[in-house]
Every structure is written in C-alpha cells, then in structure tokens.
Amino acid sequence: MAREYKIEDYRNFGIMAHIDAGKTTMTERILFYTGKNHKIGETHDGASTMDWMEQEQERGITITSAATTTFWEGRDGRKRRFNIIDTPGHVDFTIEVERSLRVLDGAIALLDANAGVEPQTETVWRQAEKYRVPRMVFVNKMDKIGADFYRSVEMVGSRLGAKALVVQLPIGAENDFEGVVDLVEMKALKWDGSIGAPAVIGEIPSDLKEKAEEYREKLIEMAVEVDEAAMEAYLEGVMPTNEQLVSLIRKGTVEVQFHPVLCGTAFKNKGVQPLLDAVVSYLPSPIDIPAIKGIDVKTEAETTRESSDDAPLSMLAFKIMNDPFVGSLTFCRIYSGKVHKGVSLENTVKKKKERLGRMLQMHSNSREDIEEAFAGDIVALAGLKETTTGDTLCDPLKPVILERMEFPEPVIEIAIEPKTKADQEKMGIALNRLAAEDPSFRVKSDEESGQTIIAGMGELHLDIIVDRMRREFKVEANVGQPQVAYRESITKTAEIDYTHKKQSGGAGQFARVKIVFEPHEGDDFIFESKIVGGAVPKEYIPGVQKGIESVMGSGPLAGFPMLGVKATLIDGGYHDVDSSVLAFEIAARAAFRDGAKKAGAQLLEPIMKVEVVTPDDYVGDVIGDLNSRRGQISGTEARGIATVVNAMVPLANMFGYVNTLRSMSQGRAQYTMQFDHYEPVPSAVALEIQKKYA
C-alpha cells in the first residue's frame, strides 16, 4: 500500500488552552468542518467526541489526549491530513500536555477573549517553549460579554513574553461579532452563525479600513524581518505579494520567531474555516522541523532520524490507554521509516522485542484497522506487552533510542484500601493498569502497615485515578489523608554484644554477635563481616545480615524505615548443637534494636526542590511564604518576563501550597516540586511526629 498523502501535506498539531477557553468545542468544530463528525457534541451537554472518558464529560474538562486523524481541503484545493491531539488544560494534567507537545509539530493556543492569557495558558506555553513548538494563537469566544481582542493580543506580549503577529482583526465584538478582516488578503469574512455555513467574503467595513491598513503595515514589517532578501526589497519600497507574505509568515512561525494571531467564536461557528486554512499555511509539516535526535544503540553516538519513509523505522510511544473493545492501546508517533502490521520491532529502552498485532487509526473514540503506516503518522498499536510511555520502538537492525521524555516524581501520597475483600485483587490489577498508562502515577505497598499507597502529581490527579478505578474497573475504595514519607537514621557509633539463648527442653538455640553500628553517607544499608578464626562459622553470617535487614524497615523512634546505616560484625560465639542460621538472625535483630537506640537515632524528612515561577509583583510574598514553611531560598532568576524562585522546603510544610500560591498571586504563579534529599527533622518537630506515630 503506497502512501496516500505526501508527508509535506501532514499537519500534526494540538490545541492547548486554559481549562475553560473552549478547547473541546473548538476540536468538535474542527472535526465537523473537516467532515468526520456529523452531529456536533456540545461540551456543556456532556456529549463531546474528543472527551471520551466519563469523568471528562461530567467535569467538562479534558483529561486524556485523544489522537484524531481527519482531512482538510485548503484554499489551493489540495487535501491535507491533520493528526490532532487534544490536550488537557488543568494544572494536575501537565504531564499529559508534556507528552502531547513532545510528539506534535505545531500547536494552536486558544485564549478566552474575555480573560486573555490565563495562568494555565502561561504554564502550557512554557512547556511548549521547552520543546520549541511553533504556535498560532486563536482568540476564541469573541461573542462573549467583555470580549476584548486587543487586550488579549497585548497579554500575549506582556504575560507570555511572546511576539504576536496579528493576521486578522475582529469585526464587532460580544453580540455584534460578525466575522474577521483577513489582513493578508485585505478582505472581510462574515458568517451568519449557522453550523457549516461558509464565509461571505466582502469589502472591509469603512470604520475598520484605517485600523486594517495600520495592522497590515505592522504585519508586513514583522514578516519581512525573517528573510534578508524580503527585508532589502521592502526597504527599497517593494511590498511583498500576498503569496510571498504567506510564505514569510510561515517561515517566521516555523522558526518560532513570532506567533500568528487569529480570532473568532467556535461555539457560534465563526472563524473556524480560516483557522484550518492557517494550520495549512503556517504550521509545519513533519519535514519542516529539525530531525529528531537519538542515541545509536550500537555506537552510543548521537544520531538523527529524518522524517522520511526511506529512513530506518523509529517511533516513540507517547501514551497508553485502556480501550474497552481492544484492550491496551499504545499511541505512537512514527518519526522515520514505515511499519507493517505483524512485523517484529525492538523496544530499545526495555531491550525487548515486540510483535505488532493490530494497528489502528483513531478518530476520537472510533477506530479503523490499517495495514501500514508511514513517517509522520500517529497510530495506536494493540497488543504490545512491554512498551510504556516514552519508549522507542524501531527496526531491530538499526536500533536507536529517541530522546526520552522526562516525567516528574510524584509529590503526594495517600493510602487506599478496597471497601470489600472481594475487591482486593481487582484493585491491584486496576492500579497496575493505571500506572502503566500514566508515568506520573505510582503504586507501592507499605511494608509496615500493609496498606497500598498511591502517589501522584496533585489531589485532583489522585481523585481522578480513584474515580477511574470505580468506573472502569468497578472497584470501590476508601482513601486516606495525604502523608509524608519520613525516615530514620543514626548519628554516632555504637558497639553491641548480644547473646541469644534458648535452652529449655527440645532443641536449643544459641548465638552471640558483637556488631558495630555506624552512620554512613548514602541512603542504603551496608553490611560487613570482619570475623577471623571462625568465631562465627561462615554459613551463619548471612543470617546476621538477614536479621538486621529484616528490622531496618522499622526504626526505634516512630517505626519509619532506616537509612544510612553500616553494620560490621566483629566477633561472636556459637554452640556446636544449638546454633543455627535462625538463632543468629534473632540475635542480630535484637542487637540492631539495642544499637539503633544507643547510636543516637534521629528522624529524617523529605526535602523538596521547589521552583515557583511568578510575575515580579508577587516575588516578595512568595519568598516570605516559603520562609514561613521552613524553606531555604537558594536563589532567584529572571525567565522571560517572570521571576523564578528556587527553594528547598520540607514536604510536610507544602500541603495545601497550591491554594495559598493561587490566592497570593491571583492564580498567575505556578510551582513544580520534586524530591531532592532527606534531612534531620528539627527536635521540636520530631517530638510531635513521634507522639503522632508512637
């Protein structure tokens, strides 16, 4: 089967936005106008095509990036293939956004014309900046009360520190919003608001003529800056033709020198078709962006893979989803080469082979089986056993590891238990499935309490995990309060000589151990034997190590696991008949309990590396608040038009921080935190913790 669409006619893009900027409605309209959807699903009715998980429909927010393939005939009559990835707009799902940005070639940033640039827009914009994703801006909801296009454009500069290139002006606003002025063609486009109606093209209204001339002048000035020859011609008084202007705008957009700004209202069906034309005109195809970098597995040298069907196959798994009909689906972006159903691929990250079963083209939640896929495609693969998010799949003869995605460590933990015994096994299966889908979600078992602990990026993140468990896996669970993972250690050296004796009837038990316990730098446990002359026979020494390790999980102060302990067995004694591995295990356990107390046990707490990105106005408040949380400020730096505050703060003092920061900065500052190291707890705080856990 040959390629149906040339790679230069592909557009892989996503729509990124603040939580209520109208992203799902916009995606629905795009799917409708590109002919895939016959009935538009309105988000406020809970019936949208892209939001295919129940919770998304209930909450009216988009959680999972569903990838959709659709087609659009541009102004030139050529059909283009669009692969659209819907991205979430809530701060707890930024991991989803990172994943989709990683595999996109371009993006549309939606703004609410009333609110302009909102906090989550800033966060997502920064993430897109990290991956240098070319972006256009669409000022949506122009029909809303308080809609202000010019203020939104100003905020793109002041809040995002980005260069806005205005390519359309609105005709009217709020209830009087009729359409747009196309500044390239210098024509007015108006819509009557009915679904699917084409634009009526006419002359620019007389009251907008002057403004349109002024903005076209600015547009040309910014566009010619990206090309030396065009700049020289312009300075000599030669204006670019409309065709040249489009290619200059495309060049500047692809090189991320500026961002074209359009406007409209998706809900009222005004401005959607010109946006689709702009995707074709201005956003890159897979061959317009730099080739993806990777590591050649054989030589360990850096290499690149060109977006070509003739290059060796390489693809990146960026999402795993559970599909009720197909089972587990792995979404992949093919960067180079082509792939047939049924072939064997290598997962170079896991060092495992994968056989390719079904290959699907996804349309939101319907699917189409395909035999072959090509460079630039986004496909869903069924039946992969080993592959998880961020893994590379490639030609086994030309192995490569593409750039890995980086996922932050989870920062919040809660205990979870099934409501009934019958749910115990189902809960384990459900949690493991969900953890395979989402690398920012972890599951572990607490050895002391036997409880299952789940960890994630925030409270909403874990709420939704629990909710999905109930809906998709029919598991009801009780959820505890968020907890801090404390640890214990020792501060000085202690030598313990302990004898374990049991000789009352039957087989006796005897073991004597002399052990030195001392602190060491690392977090692990080190065991060493310095026995000479057979004071403890060789076969019993592993029993000593096993005995100490078995009680390292529960320290003497509050029962937390111990870190950074070294134990050296220096002497001992045994009995020919009564000694055994078990007897030495018991003796070592008791010796450790004595030793931990005598070696000055102390409580340790997790210290988080916190980064707050805030507008300058709130820097003082942010620093003051972090200090009040026992935080150590390690520095501040400018990033664009914002300030980054770096600090080390105990996790125990960070609960509820998101709400404090939100209210302190009117929702404009964001923070990320990840575990850095353990540190001794101040004595006053340690006493409270011991009381609580004793």
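From the backbone N, Cα and C atoms, a Cβ is placed for every residue, glycine too.
Since we're looking at a predicted model, the values are computed, not measured.
Look at Swiss-Prot and you will find 17-24, 86-90, 140-143 tagged as GTP binding site, backed by sequence analysis. Around the Cβ of MET142 (GTP binding site), a 10 Å sphere holds 31 further Cβ atoms from the protein chains shown. In the three-state DSSP classification, MET142 (GTP binding site) falls within coil.
Each residue in the domain 'tr-type G' (8-287) has a pLDDT score, and their mean in this model is 84. The domain 'tr-type G' annotation in Swiss-Prot covers 8-287.
There are 29 other Cβ atoms within 10 Å of the Cβ belonging to THR87 (GTP binding site). With a 10 A radius on its CB, LYS23 (GTP binding site) counts 28 other CB atoms from all the protein chains.
DSSP gives LYS23 (GTP binding site) a helix state. Secondary structure at THR87 (GTP binding site), as computed by DSSP, is coil.
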